[in-house]
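First the structure, in the form of structure tokens, and then the observations on it.
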Amino acid sequence: MGATLFVEASAGTGKTTSLVRRVTNLVATGTTTLDRIAAITFTEAAAAELRDRIRSNLEEASVDDRRGDAERDRCRQGIADLDQADIRTLHAFAGGLLRERPLEAGLPPSFETSDEIVASIKFEEEWSGWLDRHLDGETDLAAPLALALTLGLTVTHLRTIARAFHQNYSDLLAVSFDLAVSFDAPQSPPPAALETFRESVTELERLCAYSKNGPGDRLYDHVMDKLAGLRGLPETTTDQAEGYRLLLGLLPLRQSRGSQRDWNTDPDTGKNACAVLKDILGNLDQDANEAIQQAREAVLTPILEDLRQLVVEYARNRRAAGRAEFHDLLVWARELLRDNAQVRDYFRDRYTHLLIDEAQDTDPIQAEIAMLLAEPAHSGEAVANGDTRWDQINPEPGKLFVVGDPKQSIYSFRRADVGQMKRLQSTLEQSGGRTLKLVQNFRSQKPVIGWVNRLFEQWMEKGNTAGVDDGNAQAAYDAMAALWIGDTGNSFAPRVWALGNEAVEAAIGEIRQLEATDIGLLLRQMVAEPWETLDLTATANSGRETYRPVRYSDVCILMPRRTGLAALERGLEALDIPFRLESASLVFETQEIRDLLNCLKAIDDPADQLAIVAALRSPAFGCSDVDLLRHHSKGGSFDYLSNTSQGRGDEAVLGGFEALRSFHRARLDDATGALIDRFVRERGLMEAAVGYPRMREQWRRYRFLIEQAGRFNRAGGGTLRAFLQWVDDQISGGARVTETPVPESDEDAVRVMTIHGSKGLEFPVVILTGINSAPAPGGNSVIFDRASGRVEVGVGPARERFATSGFEELAELDNQMSAAEHIRLMYVATTRARDHLVLSMRRPAKGGKTTAAVIADYMVDHDDLWDAAELSASVALPETGPAGGGDQLPAVDEALHSTEHLDEWVEARQRTIDEFSRPRFVAATALSRVHKDEEQEPDSPEPWRRGRAGTSIGRAVHAVLQSIDLASGEGVDHRARAQAVAEGVPDREAEIARLTEVAVHSDIVRRAVASQRIWREVPVAAPVGDGSLHGFIDLLFEEEGGLVVVDYKTDAVSAEQLPDIMGRYRLQGGAYAHAIGQITGKPVKEVVFLYLQPKREVALPDLPGAMNDAAEAARSLLAADAV
């Protein structure tokens, strides 16, 4: 009890059990009480489980006759005190420290903690504001940023750097980027290389004269092409960004083209003109690229420093506002303990013992917090604030108990650092602590443990790269001992299996398809033969190992990444294997979610024609390639907004466009979660899944995305576009934290998850797939070397990279660290297996060294440790005969399969389609026989008002009026700017704002605001005849006497044109009034058309007559369509 311990526990050896027993013994012996113990673990689920296990262990100890009366009494008191125990996650523990002493931490007492979605949304706003400020051109960084964008830096690169800085801002507090290496971009002259290019024109022209073939020679044509660009250069260039743009336009200069035999000798040099020309091109190319690369390095530095200041200042602002993110809790708690000796002593006295579980998984700041709390109290001695370094602390003996396994450190993307954990272990040992190693495995069978030991004894030893962080790249391997023997005498007793252990001459796509089929066949086989698995309940009851047949629900398929998921799904579905996905990253990659996301992207952005076509081909719309081709052949476009006025194209596609238009308008009003839920329901996606073999799995996936959207909305997320960006971030970031749906009790299904998602779990059967490719290198754009305090950045392809001076060096180390983590990932995967471990080993014969090939090499002389999984054809395929097996197939009526019968069936099908395809509704706008002004302005002389741009002005004005505060008019300029950009007419921002202001200050809108019962963009539909009349009311309000309908018009209407225009819109206004009156049961007192240029407010005369005429016209249209 009095020793500081670091327990290095291999997989399945009882890490948590050792911690639970430590807590029980501390309480039972009277060493401390539960309210003075802090037990810290990785996840909330693990914390809840740890609390339950401590309770259970205390209950057992309280009735254990081997303990004395005093110990049993203390255990009973411990059970009563359990609610006072500080058993929680690291972030919750840090938050508790801050909430107890907020003022000393510089926080408001009622500070809040944002979840990950809120934090992501808030940072996106902060980052977007930073970008907008500098792109506006009014800041010191504007010129370097403009030049960087000219040189190939992208907004995506900037965002990647900004997010990495934000997530690791604590590593930037003591770092600054040396601005001395940059230059003052606005005053710098254009690149000297550009002048060298100008001077080379004469020489290049002279040498081209020595080409024997002239035009047609590849080198000659290349040089002449470049000369054309050189001749077009301006005489002088004072703008630096323009100079570099021109220089980039001259590259690349190819030196591999042309042959000396096709060129004559250059008399000036006596050399072949081809060789001379290539030398000149090579020198020019080198000079240009060196100038460009120097400029890239120079402009990168001020950008990095500004981004560093952005995230550091953003953290300060969060602290001042009392809004913490998860990482803030750790940083601020560390600073509180490190910089305030009084507070440090207070908490050191408060907690007599700290116990840390799963230490390999958590943030390196955890080590600092633990050591600061474990330092002996100073008994009133004066201690300078901020002078304490965690790795120089000698912890009080027995106060610290750390449990972890460096071999399972696989969360570097969440700041876990195996090197930091090893430094903590070394610090504890140097201060008198001890390391205990647990190697008795209680999970896996002896054949599995034997195979794992043999592989990783070799692999981890080789993977411990010398020279990387003082040997801290890899954990040392300690062989485990097995508890379960697994020798049942059955041919399919527990063991390790190699499936398809061969290198084949095939592309990786084909290999993945074969692999998926093999896995599906093997699953059918292991259930049919059957394979055996340990029955834990029967074993506990009988006191001896008892086995039962394997079920599908015993199996988990693990994947290192998502790459082969589509092929795996197809393979399992083809063989009718029940399965379920249990990792968020996998669900995001399924076809159903991809299809739904394409539909949402099409709804959000009418200009994204790729998403529109993908949406139309999805189950939500069901358009075939033939439908799309027919639509194109008929002159239809794939812009569903402009297609309204064209009316050309395929009926199925046009029907899809109508739905997309409806949801596109609704996206501004509906919460994103509600919009997606309505889309799924209205497009019948749940019903369409009924015919799907894995119906419940498909439903689960749709529910998953709807729930994610709901969480996004509740976190303060706004638009559909923002949600789609967030989803893209989850996909690109891997979303590697498991999101496990609640299992359905009647579902016997194979589980599929990523290896990261399986951490801490175990399964009777594990199938490891996706190891038939080489592991990806580190690939981090921002690298934090915490041992040296360095931060290096590199973005873009190798030849066009923006990088700091030390990036290449750290990138190599990062690749080695990534390779070491990949080995640990494989260790985690293989140690999830309890009874059977199956490795899918088929791999390409060519290409990089795949993980499967590495495993095969290490195990080449150890065939005794694993067996080949042979596929048996007799049980592989589903039965194809009728139920009962012995019945004869019914006779085939050949007449039913004749071409004549097929023609009859096609005709009957078409009649049914025609019958049910007849419109059951009519739009209010269709009654006027003309389109609304914002969709057609044929008399306008300005080119920007014609065609699609004309519709954009009207849509933009409507959108602004729909979203601003009509009472004050606040936000007009901002909204007008945003809508002008969104509609593709940014130069018409002032026009949009002016028209909006006209409407805001009109008498009718003032009346609406004064009524205080006002609605905007109101969808209406009312029954008429055999169908319905529907439309959208721009503005609706209720005042004494009834409802008032307002319709905005952006027609440029003169006084002479007004009577004719009103005649065109009479039935449209009457239709709105008829529909809203019928569905609300309230009288409509007035319909007002508000013309915005010039401003005119015109009430519809004879409103009752217009309403009756509109209803009659709608009935006539419906009847005509039915004929």
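The backbone N, Cα and C atoms fix where each Cβ goes, glycine too.
Whatever TrEMBL says is automated annotation, not expert-curated.
Here the structure is a predicted model, which means the values were calculated and not measured.
Feature list (source: TrEMBL):
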DOMAIN    1-445  domain 'UvrD-like helicase ATP-binding'
BINDING   Ala9, Ser10, Ala11, Gly12, Thr13, Gly14, Lys15, Thr16  ATP binding site
DOMAIN    475-760  domain 'UvrD-like helicase C-terminal'
REGION    929-948  region 'Disordered'
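Shown are the binding-site residues Ala9, Ala11; the one with the most C-beta atoms within 10 angstroms of its own C-beta is Ala9. One way to see the shell of the ATP site is to take the Cβ centroid of Ala9, Ser10, Ala11, Gly12, Thr13, Gly14, Lys15, Thr16; the remaining same-chain residues with a Cβ within 8 Å of it are Thr17, Asp405, Leu438, Asn441, Phe442. Between the candidate binding-site residues, Ser10, Thr16, the densest Cβ environment within 10 Å is the one around Ser10. Counting Cβ atoms from all protein chains shown, Lys15 (ATP binding site) has 23 others lying within 10 Å of its own Cβ.
Working note on the binding-site residues Gly12, Gly14: by count of other C-beta atoms within 10 Å of each C-beta, Gly12 ranks first. Taking a C-beta cut-off of under 8 Å and a sequence gap of six or more, Thr13 (ATP binding site) has these contacts in its own chain: Leu438, Val439, Gln440, Asn441, Phe442, Met480. Model confidence over the domain 'UvrD-like helicase ATP-binding' (1-445) is summarised by a mean pLDDT of 87.
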